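Chemist: Okay, so Swiss-Prot annotates it like this:
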- 8-32: NADP(+) binding site (BINDING)
- Ser141: substrate binding site (BINDING)
- Tyr154: active site, proton acceptor (ACT_SITE)
Amino acid sequence: MATSKVVFITGATSGFGEAAAQVFADAGWSLVLSGRRFERLKTLQDKLASQVPVHIIELDVRDSDSVAAAVAALPADFADITTLINNAGLALSPQPAQKVDLDDWKTMIDTNVTGLVNVTHALLPTLINHGAGASIINIGSIAGQWPYPGSHVYGASKAFVKQFSYNLRCDLLGTGVRVTDLAPGIAETEFTLVRTKGDQAASDNLYRGTTPLSARDIAEQMFYIATLPDHMNINRVEVMPVRQAWQPFAIDRD
């Protein structure tokens, strides 16, 4: 039997998404978990199914038809989505823009922008129908607010997430649906290994000598946002570890 609250999490096979699944399950929410790696989804389902109902969807958010079909096919016990967490996203190629493969830029846009739009569009009718207490939590990044070398299209895609969240919030005024841009700083997840295309040494180097955020740190922020009183909306949350701050402006010197 489904609980009264259902969360739909994209990119649930690792990192923030996987941690969020655990946090929401611990609180008794039913889970709709999507991702491209089915075996990881199945493992997560097997882990959490003793706590709460779990529905998994092998899904590429870049494919709008597949997204629409998956939403239309949600079982009745999972159809009344309370919270959407648009977590699926990635960064590729931290090199300077002039050294990056164009396909990497396109992949980031297709996932971070188009994928987020596809899922949001498909679930808006459900969220609006739910009304008061429904939430959309879009996972942005400090890269969408603050420039740094190697951020190029990744930072621009997260700037889109921020502005889309603000604009969507305006459009949804009066529906009871909340919208939040959650922007993490440096966090130790699979994200960096993907960005370096499997270079474990380069990935490890980013975290060496410091204390980054954990995936659970961000998952707990998601849960806090999703469980606010119905009359409250947090527009944006920017979270950094204590040992991270803003970089100085870049200067070219002789």
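Quick reminder: no glycine exception, Cβ is built from N, Cα and C everywhere.
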Chemist: Which ones in the same chain are close to Phe16 (NADP(+) binding site), with CB under 8 Å and 6+ residues apart in sequence?
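Modeler: When sequence neighbours closer than 6 are ignored, Phe16 (NADP(+) binding site) has Asn87, Ile139, Pro184, Ala187, Thr189, Ala215, Ile218, Ala219, Met222 within Cβ distance under 8 Å.
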Chemist: Quick one: Cα separation, Ala12 (NADP(+) binding site) versus Ser141 (substrate binding site), in Å?
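Modeler: Checking the Cα atoms of Ala12 (NADP(+) binding site) and Ser141 (substrate binding site) gives a distance of 18 Å.
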Chemist: What does DSSP assign Ala12 (NADP(+) binding site), in three states?
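Modeler: In the DSSP reduction, Ala12 (NADP(+) binding site) maps to coil.
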Chemist: Given the binding-site residues Ala20, Phe24, Gly28, Val32, Ser141, which lie close to the residue listed as 'active site, proton acceptor', meaning Cα to Cα within 10 A?
Modeler: Ser141
